[in-house]
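Undergrad: Structure in structure tokens, see below.
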Amino acid sequence: MEPVIVTRGLTREYEGGVRALAGIDVSVEEGEFVAVTGPSGCGKSTLLNLLGGLDRPTAGEIELGGRRVDGFSEARWAHVRRDELGFVFQFFNLIGNLSVADNVELPGLLAGLSAREARVRRGELLESLGIGELADASPTRLSGGQQQRVAIARALINRPKVLLADEPTGALDSASAREVMAVLREAHDERGQTIVLVTHDARVAARADRVLAMRDGAVAHETRLEQGDATSVSRLMQLEV
Amino acid sequence: MRFPLLALLAGGPAHGYELKQALEQRFGSVLPPINAGQIYTTLSRLERDGLVGDDAVAQNGRPNKRVYSLTEAGRAELGGWVADATPAARLKDDFFIKLVLARAAGIADPAELIARQRDAYLQALRELDDVALTTNGDETAALLIEGAALHLEADLKWLDLCEQRLGS
Amino acid sequence: MRTAFFRLARADLLARPGQTALTAVAIFAAATALVVTLALRAGLDDPFADAMAETRGAHMAVYGELSDADVARLAALPGVVASDVRSRRNDQARLGGTTVEVGLETLPATNAPVDRPHVTEGRRPAAPGELLVERSFARETGLHVGDRFALGTVVGLAVTTEQATYPRWDPGLVWAPAVDAPGRRVGVRLQDPEATDAFAAAARRALPGTRLAFTDWHGVRDTITDQTRTNAIVIGINTLLALFAVGFTVATVISGRVLAQRREIGMLKAVGFTPRGVVALLVGEYLAIGLVAALLGLIAGAAIAPLLLEPMANVLATPTPSALRPLPLLLALVLVLAAVALFTAIPALRAGRVNTVDALALGRAGGSGHASRAARLAAALRLPTVARLGVKDAFTSRSRATLTIAALTFMVVTLVAALSVEATFHRVIDDPALRAKPWDVRVEAPQALAAVQDDADVAAATTVAGLQVTGPRGELEARVLGDGFQAFSYAVPDGRMFAKPGEAIAGRGLYDALGLDVGDRLTVQVSGRPVTLTLVGRHVEPDNDGEVLIFPAASLPEPVEAAAVIANFTPGSDQAAAARRIEGATGAQAELPEEEVRGERADIRPILFGSSLLLVAVGLVNLLATLLLVTRERARDFAIFKAVGLTPRGVLGVVNAGGAALGAIAIVVGIPLGLLIFRGVMTGMNPSEGTDVIGTPGPFALALCVPFVLAVTALASFVPGRTAARTSTATVLRAE
């Protein structure tokens, strides 16, 4: 397996010497689902922002698909984001005055898809996420779970190498959170989507192939998770006789 | 198993095999396999304590079937069980004992212990989640899984606390 | 409660220092423009009357070799309320290489009852050899304070209404502390300013045998008014637009910001503020900014105003008004603060009525998700994605789009109005007939007809005379043209020019006053004999409110004494040279109407450009404030655009495309609106001739508005666009 993302000594310091990230080395393989957890302020969101070029590292390297991207200009990063990355945010960040369809098609159109192609892909995506009938709705009228699914569709329209998700369930009730996680799991399990996901929710992190636990700007511990083999819930209950 | 059987008998007299079936029907996949012997042993203990009584019903060409029913004492015992709140699960955590003692004795790195434990909990959580995918609308099973997952999440949070206070 | 108010207001203002500063700048600009405007307008109503009052101008001046007894007799004539006598002689001086006639007068006392020169620059002469020079004379001859020439040293310049501006009226006036001369000038103020003819007659009767010359204040007034009319209108238009601009700027900037605060208003209500409390808080907050900004604006305005007031005073021949009079300053302050309070209260009240939950939600997201008509059009036009986004974005919020379009339209209107003024001047220069002067040159010597006709460059010449005739409702001003009038065609918008004796044309004022129409017949008494004329046309007449009648001299039963010779040159001749030649041949002054207008235009340019600049500056501040506000509100959307792969240039493109779309609408609306407003103001300010002389900027000049507005929009979008492009996406998107 080829690594899609590699970072070496990735460091981000803010003004006043605050170190959000202190030399992180991470490698994400193609088709891998990596969760980043840790208490707030541990640097997990900073890591994600750096991987997506929304923020710039103070030092260190980022490789995406085998090429260095850390020195890219804002404009080149924009191209990287539209062609190779998909973003999902905690607060959905849909554009309120565009319809669901427009929101999803937007990055496709920006990346140069024809209007037809964008429409077709959007239709397929919304259908597969179970919100096909909401295409003409305004995002503001949707529930949180629906909005996040729209955001995921938007992130996937350009068939990105990597999906970057920042607390995608953080603003959702547990039922909506489960819906959204099901969508992400499907994308990964069935279509091999590479995902890097930041969360403070252990339950969400447990879906990943690998969990990076961060502390104070560094990866403190790494857990590899195996697909569960249990076929029955019966061993959860122990009736005393 | 005493109180579940008493509770089932509150619905009316039943024989041992019917009780086993009723249990399986209520808890479905959640319940580990029960053998009939377990049921009969419990029933005879209950009878010994005067909580249930039995009548033999003749069956053609086969041994008599014993039909159990609640006695007054049994009904009172059951009433007490239902009325009382179930005591909170008490923490009887092997890991915690291991962590404290191993740390005191200097025979293991507490951080490593915690990390290993976290791996185990996360893996358990993952398996729970995978199992959850197979419940197919079984509400009892889903509730049980949620309960277990919440316990695991609490355990993971507690590990974080342990790490902060005892980790080094 | 008061503490809570204070803390909230302070926190709100400090939380957004940029917006607060911008609001303050807008109010500052508005206050500055208002002070300048009020100062300019104060001098506009009747500039000549102001100058008359300022200098206690004489209603009648008598010139002659008068004894003290003569003077006393004149002063005692009935109707005289004040008089002042001073020595006067005509002298000559060489100035700038030419010899000019100078009227040298004794400097009157500072408290002289009549005709006190108003010193506009330098000081009054105090010692022999020091001179005070009339301002227009000094300007024309290039004299400055401190200059020395044959008559003495110039120590000051002054304005007077003794005579109209030099060189229309000459000789140029100079005052010296002591003038030794037999000639004297007696200026009198009359009980009834209209009774000048009666005074002249009485003076002649009182001093039989003495040669007397008179100057009637009406003559001074007519010359100055004729000269200043167009300027007054132009300044008037610009100041009206400025008042409009001030109101508009305050309205949009403040309303815009208050509307953007709907979410905060929702929060205030959530913690227990009443709607009235909300309004009080916001009004107090903006009044606090407004007070500081407006006070600074008053200072700036008072400092800038003289830059415009001085050329205006020159143009209008009045003493320079002071910008530092307390009443207009106070008025400006009150007006600005009232506007601030009003335009805060209205949107705050509206916002206060919005359901609290809705208001809280409003701040987060809005919009229906449906494409606006403009966005659909953009899609239909197959514009690139970025442009479509921009257009869609621009029309997302109707109130925001309206606000921006209004700000842009206002700029276009200003531009069109300025271009229209320019076009009007052009039209009048190209066609002196539009000022009822359909000739190339006018020679003030009626006997010189033959000499003028002899000039090689003269194509046609005739005589013109002015006379009073008696119409059905009293005296009318009339002009008659001599033979050969066919070569001098007045501008006649309705009907036609008269073609034969017995036909006449008249200005709008005469038709209106007498209730006549083109085609009617009118009988007037000329020297007691009736003359019946057929009105065949209405001509453009700037004088006497258009109550002027013009007809061929041959219509009259007996010839009248001509006043001047008018002539047209052959096309392509050097008019200035020909005029000098004619002056040489006839010994009389030759006046080229075209040069007059050209001079006027040069005079008014600084005012026109200055006030237009002020307007454009106010418009720019307004536009910038609006766009900044709009962009700030959209920061989150722009961050999302960036997160999904829009380049910084793409973001700029979105902002610019939106701005361009709004700019296009502003141009489409603004150009006709500007023409309409200019026409309306012109007609309103000058009913008799306004509509006839209005120039419309050519299509090319109007087309220039397009790149200008787009450039201004791009420039104004650049700052907010760049801010949007640079804002840290991560920060914006995490904040909720």
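Our numbering is plain: 1 for the first residue shown, then up by one each step along the chain.
Glycine too: its Cβ is placed from the backbone N, Cα and C atoms.
What you see is a predicted model, and the numbers here were worked out from it, not measured in a lab.
Sharing the record's features from TrEMBL:
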- C:21-40: transmembrane segment (TRANSMEM)
- C:233-259: transmembrane segment (TRANSMEM)
- C:240-355: domain 'ABC3 transporter permease C-terminal' (DOMAIN)
- C:279-309: transmembrane segment (TRANSMEM)
- C:329-349: transmembrane segment (TRANSMEM)
- C:401-421: transmembrane segment (TRANSMEM)
- C:607-630: transmembrane segment (TRANSMEM)
- C:612-728: domain 'ABC3 transporter permease C-terminal' (DOMAIN)
- C:651-678: transmembrane segment (TRANSMEM)
- C:698-719: transmembrane segment (TRANSMEM)
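Quick one: where do these features end up spatially?
TA: Long-range contacts of the transmembrane segment (C:233-259) within its own chain (CB-CB distance under 8 A, at least 6 residues past either end) are made by residues 19, 22-23, 26-27, 29-31, 33-34, 36-37, 40-41, 44, 282, 286, 312, 315, 335-336, 339-340, 343-344, 346-348, 351, 399-400, 403, 406-407, 410, 413-414, 417-418, 421, 604, 607-608, 611-612, 614-615, 618-619, 621-622, 625-626, 629, 677-678, 681-682, 685-686, 690.
Sequence-distant contacts of the transmembrane segment (C:279-309), counting only residues of its own chain at least 6 positions beyond either end whose CB sits under 8 Å from a CB of the stretch, comprise 5, 8-9, 12-13, 20, 23-36, 39-40, 43, 254, 258, 261, 265, 268, 273, 320-321, 323-324, 329, 332-333, 336-337, 340-341, 344-345, 348-349, 352, 606-607, 610-611, 614.
Residues of the same chain lying 6 or more positions beyond the ends of the transmembrane segment (C:329-349) and with a Cβ under 8 Å from any Cβ of it are 27, 30-31, 34-35, 38, 246-247, 250-251, 254-255, 258-259, 265, 275, 278-279, 282-283, 285-287, 289-291, 294-295, 297-298, 301-302.
Proximity of distant same-chain residues to the transmembrane segment (C:401-421), defined by a Cβ-Cβ separation under 8 Å and at least 6 residues beyond the stretch ends, is recorded for 234, 237-238, 241, 244-245, 248, 252, 255-256, 394-395, 608, 612, 615-616, 619-620, 622-623, 626-627, 630, 659, 662-663, 665-667, 669-671, 673-675, 677-678, 694-697, 701-702, 705, 708-709, 712-713.
Counting only same-chain residues 6+ beyond the ends of the transmembrane segment (C:607-630), those with a CB under 8 A from a CB of the stretch are 18-19, 22-23, 25-26, 29-30, 32-33, 36-37, 40, 231, 234-235, 238-239, 241-242, 245-246, 248-249, 252-253, 256-257, 260, 304, 307-308, 311-312, 315, 400, 403-404, 407-408, 410-411, 414-415, 418, 421, 655, 659, 712-713, 716-717, 719-720, 723.
Mapped onto DSSP helix, strand and coil, the domain 'ABC3 transporter permease C-terminal' (C:612-728) counts 101 helix, 0 strand, 16 coil.
Long-range contacts of the transmembrane segment (C:698-719) within the same chain: residues 408, 411-412, 415-416, 419, 422-423, 620, 623-624, 627-628, 631, 652, 655-656, 658-660, 662-663, 666-667, 670-671, each at least 6 residues beyond the stretch ends and with a Cβ under 8 Å from a Cβ of the stretch.
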